[in-house]
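Everything on this sheet refers to the single structure shown next.
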Amino acid sequence: MTKLIVALDVDSLAEAEKAVDKLGGKVEWFKVGKQLFTAEGPAIVEMLKKKGFKVFLDLKFHDIPNTVAQAVKSALSIGADMVNFHATGGSEMIRTAVEKNRPNYPNAELIAVTVLTSSGQSVLDELQVAGTPEDAVLRFAGLAKNAGADGVVCSALEIEALKKAYGSEFKVVVPGIRPKGSSVDDQKRIMTPKQASDLGADYIVVGRPIMKAADPVAAAEAVLAELSI
Ligand SMILES: O=c1ccn([C@@H]2O[C@H](COP(=O)(O)O)[C@@H](O)[C@H]2O)c(=O)[nH]1
């Protein structure tokens with residue numbers, strides 16, 4: 001079953017707590033990204049864990065292997081249930097982070113970012129990354145899986161190929177989700193909650209379509225209603 005992760009892309013702990021208290025009855029997972037974590041730090045994760053939520057700390061680490069391994073350790077030690085790093089950091093970086101942290105946090109989900117959902121073909125061309133976004137996602141995911149990652153962040157367009165290539169146990173975490181009629185914003189590779197769920201997304205990540213809705217609770221309920229049971 002596909003789980004909903006709501007992206008808490010707000011400026012302050014107070015704003016985040018207000019949203020969480022409204023959505024909390026419906027939503028089990030919240031994502032804390034660079035905007036909120038840079039402003040508030042570990043207090044935000046502490047607040048979410050105290051209230052009993054699962055936390056995806058989306059800091060997309062990308063650095064030398066030792067630094068990423070230690071950053072993942074810090075993220076897990078403050079209570080994150082899911083953390084991520086860029087697959088383009090390479091196998092050694094991923095393997096070091098996984099091997100260093102898996103023994104102490106066996107249930108943590110260690111996830112590699114493949115190609116950002118805001119990137120289309122033109123970004124890959126600009127960066128001289130070979131092939132289509134799907135080609136690159138599959139390549140980066142294979143590297144991440146071999147290095148021990150539990151899954152990847154990708155767009156819904158790549159779910160089918162990823163599950164076929166790497167099996168149903170390899171998790172796919174899917175942002176770039178847009179309910180019918182909602183603003184696309186800066187996302188490029190998008191699908192609806194229902195499409196992503198039908199394709200086998202383990203998690204969908206939804207930010208602005210819920211957080212910026214006139215009625216965020218109704219928007220979250222509408223997304224949840226689209227997910228396959
Ligand atoms: O490839 C990626 C990786 C991460 N994200 C993050 O997900 C949310 C999406 O927010 P929306 O408002 O629903 O667009 C956001 O926090 C991103 O940092 C992503 O979009 N794509």
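Along the chain as shown, residues are numbered 1 onward.
The backbone N, Cα and C atoms fix where each Cβ goes, glycine too.
Here TrEMBL flags 3-223 as domain 'Orotidine 5'-phosphate decarboxylase'.
Around T117 (substrate binding site), the same-chain residues at least 6 positions away in sequence with a Cβ under 8 Å from its Cβ are C154, S155, V174, P175, G176, Q187, K188, R189, I190. Per TrEMBL, substrate binding site is recorded for D9, K31, 58-67, T117, R178, Q187, 207-208.
What TrEMBL records for D58 (among others) is active site, for OMPdecase activity. Within its own chain, D58 (active site, for OMPdecase activity) has A7, K31, V32, G33, K34, N84, V205 as residues 6 or more apart in sequence whose C-beta sits under 8 angstroms from its own.
As annotated by TrEMBL, active site, proton donor applies to K60. Residues near K60 (active site, proton donor) in space but far in sequence (CB under 8 A, at least 6 apart, same chain), listed by position: K34, N84, F85, H86, V113.
Residues annotated as active site, for OMPdecase activity in TrEMBL: K60 (among others). In the three-state DSSP classification, K60 (active site, proton donor) falls within a strand.
As annotated by TrEMBL, active site, for OMPdecase activity applies to D63 (among others). Here the Cβ of D63 (active site, for OMPdecase activity) has 14 other Cβ atoms within 10 Å, regardless of which shown protein chain they belong to.
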- Query: Which recorded positions of D9, D63, T117 contact ligand 1 in the sense of C-beta under 6 Å?
  - Reply: D9, T117
- Where does P65 (substrate binding site) sit in DSSP terms: helix, strand, or coil? helix
- Note on the structure: Residues near G207 (substrate binding site) by Cβ (under 8 Å) yet at least 6 apart in sequence within the same chain, in sequence order, are V6, A7, D9, K31, P175
